[in-house]
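Let me begin by presenting the structure, written as structure tokens, before commenting on it.
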Amino acid sequence: MGTRDDEYDYLFKVVLIGDSGVGKSNLLSRFTRNEFNLESKSTIGVEFATRSIQVDGKTIKAQIWDTAGQERYRAITSAYYRGAVGALLVYDIAKHLTYENVERWLKELRDHADSNIVIMLVGNKSDLRHLRAVPTDEARAFAEKNGLSFIETSALDSTNVEAAFQTILTEIYRIVSQKQMSDRRENDMSPSNNVVPIHVPPTTENKPKVQCCQNI
């Protein structure tokens, strides 16, 4: 049973990055609306869509942002990355140049996004296996070397699209919830929370002194 879109426990912003034409918009539409458009044109500017999933009984609302990979849209970079807690870095398994550019996209992401952002490398268009130009093992090794998770997907036939988003959102949730638990523990152990106020009656030194020998 689905939840109302305005009822959620966590809201996570996830960005899609990578060269134009690698299938970012179709990954977004496949996950959020279960749609695929063969005539999909390059995204102009920025668009985002939302979908909620359940993790550990909590409702996670994913706000997934998509933008064109072409150089002329670079001006939106800072606003695009601001507040993002996850990123899918997408390349086309049938176009090696889109994989070569992953390193540049990763640098831009790390220059502009939060240092703790969760990143997944996504080899899209796995249905084009007969045209494969990027070996799976090569991409997986790159991901491991750079601390990224890795998956191959096909927005066309839906392969691993659900798994990609579920995996990154679950990882973000684990990190956020662990941080919340850690923060609570620190608060519980902080000196201010262990102080028991003690009322100390005024000592004789603090009592007002009675002046004597007046009016003599």
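Every residue gets a Cβ built from N, Cα and C, even glycine.
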*Pick from 7-26, 67-86, 147-166: which stretch is listed in Swiss-Prot under motif 'Switch 2'?*
67-86
*Swiss-Prot annotation of motif 'Switch 1' - which of the ranges 36-47, 48-59, 96-107, 108-119 it falls on*: 36-47
*Any idea what DSSP makes of Gly23 (GTP binding site), helix, strand or coil?*
coil
*Under DSSP, is Asp127 (GTP binding site) helix, strand or coil?*
helix
*If you count Cβ atoms within 10 Å of the Cβ of Asp66 (Mg(2+) binding site), leaving out that atom itself, what do you get?*
23
*For the binding-site residues listed here (Ser20, Ser25, Asn26), which one has the lowest count of neighbouring CB atoms within 10 Å of its own CB?*
Ser20
*Any idea what the Cα distance is from Asp66 (Mg(2+) binding site) over to Asn26 (GTP binding site), rounded to a whole Å?*
10
